[in-house]
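Pulled from Swiss-Prot, these are the features on record:
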type    : residues                              : note
BINDING : T15, G16, G17, N126, R169, S197, Q298 : UDP-N-acetyl-alpha-D-glucosamine binding site
Amino acid sequence: MSTQKPLIALAAGGTGGHVFPAEALASVLLDRGYRLALITDKRGAAYGGTLGKLETFRISAGGIAGRGKLSALRSALELGLGLIQARSILGRIRPAAVIGFGGYASVPGMGAAALAGIPTAIHEQNAVLGRANRLLAGHVRRIATSFAEVSHVEPKLAPKLVHTGMPVRAAILASRDASYAGITAEGPIELLVLGGSQGARILSEVIPAALARLPEALRTRIRIAQQCRPEDLEGVRRAYDGTGIDATLDSFFADVPERLARAHLVIARAGASTVAELTTLGRPAILVPYPFAVDDHQTANAHAAEDCGGAWLMQQDSFTADSLAARLDSLFTHPEALVRTAVCARNVGRPDAAEALADLVVGLIPNESGA
């Protein structure tokens with residue numbers, strides 16, 4: 001007679017950066033036969049993919065820090081209500097372990113699990129421990145990290161740290177076997193521009209102007225796929241008119257893994273998922289961190305990628321058409337630098353991140369280590 005595997009609860013919600021690793025972990029745990037439940041906020045009802053198939057419990061959740069007294073009070077009340085709701089849910093479903101993925105949506109579920117003595121872990125996607133995870137770090141058993149080094153971690157919590165890497169989508173892993181094909185002497189130059197979940201206007205303004213400054217012999221070899229905000233598409237299209245550049249523009253690319261696989265160079269923001277996908281595939285990138293990200297975590301992510309030789313960091317305030325044109329001219333005329341950077345990026349990639357994170361979570365459960 002077969003024995004039913006334990007139930008594991010995932011506490012995740014909010015933006016894609018918190019949800020993508022939860023999705024990847026869920027796929028691995030389901031493949032291993034574990035039962036799963038999702039504890040999330042109101043946005044969790046819209047999830048598709050693997051998370052959309054899980055038994056889902058929606059709870060109240062508020063921001064960690066409000067912008068004013070009234071906002072802070074409202075957030076505290078929502079968190080308190082969410083904690084009560086989460087305790088009730090955990091009492092009913094009785095999970096063997098709970099793992100959170102940062103963001104305020106994870107706080108009530110993780111807090112309730114810690115109070116109930118349920119084994120817990122959190123996963124930090126960025127190179128800076130996020131505010132929600134900082135609040136929870138002292139109360140969980142393990143802190144899984146995407147980057148080898150993470151700031152804003154109290155020294156006394158260092159023994160809890162486990163570098164698992166950042167889980168990426170299955171489609172990215174499927175493209176990992178595509179080796180980096182360097183730029184040939186006369187061949188096309190494949191350039192991919194990703195602006196984050198909603199595009200980035202600075203990229204739409206600077207990149208066409210920078211490419212227009214390149215020598216014609218280089219410019220006419222460029223094939224660019226660029227993500228833009230919907231309202232910027234027409235203006236960017238006009239900017240490329242007459243440049244001789246083959247430009248494919250859209251507000252969303254459904255085939256990002258395939259485009260990443262064939263790119264000679266990527267220009268992008270420095271979100272955790274983007275950096276993880278670039279290093280998993282081993283693709284060189286120019287990273288332009290979003291300067292207003294909480295705790296400036298994108299700059300920390302970009303520094304981590306640059307420090308290992310896997311990317312070039314360009315701060316937004318110095319990301320101009322002239323500076324970018326000079327950088328691109330150098331890279332495209334000396335493509336061996338792109339090859340070296342691709343190798344370095346791949347060397348720090350963690351294609352096993354989802355499996356490593358699953359091992360960590362399973363290891364929290366008595367009698368399940370090594371299962």
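In case you wondered, yes, glycine gets a Cβ from its N, Cα and C as well.
Feature annotations (Swiss-Prot) mapped to structure.
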residue : record                                        : contacts (Cβ under 8 Å, 6+ apart)
G17     : UDP-N-acetyl-alpha-D-glucosamine binding site : Q125, N126, G271, A272, S273
R169    : UDP-N-acetyl-alpha-D-glucosamine binding site : F20, E23, A24, P257, E277
Q298    : UDP-N-acetyl-alpha-D-glucosamine binding site : N126, R269, A270, G271, P289, Y290, P291
Quiz item: Does DSSP give G17 (UDP-N-acetyl-alpha-D-glucosamine binding site) helix, strand or coil?
Solution: helix
Self-check item: N126 (UDP-N-acetyl-alpha-D-glucosamine binding site), number of other Cβ atoms within 10 Å
Solution: 28
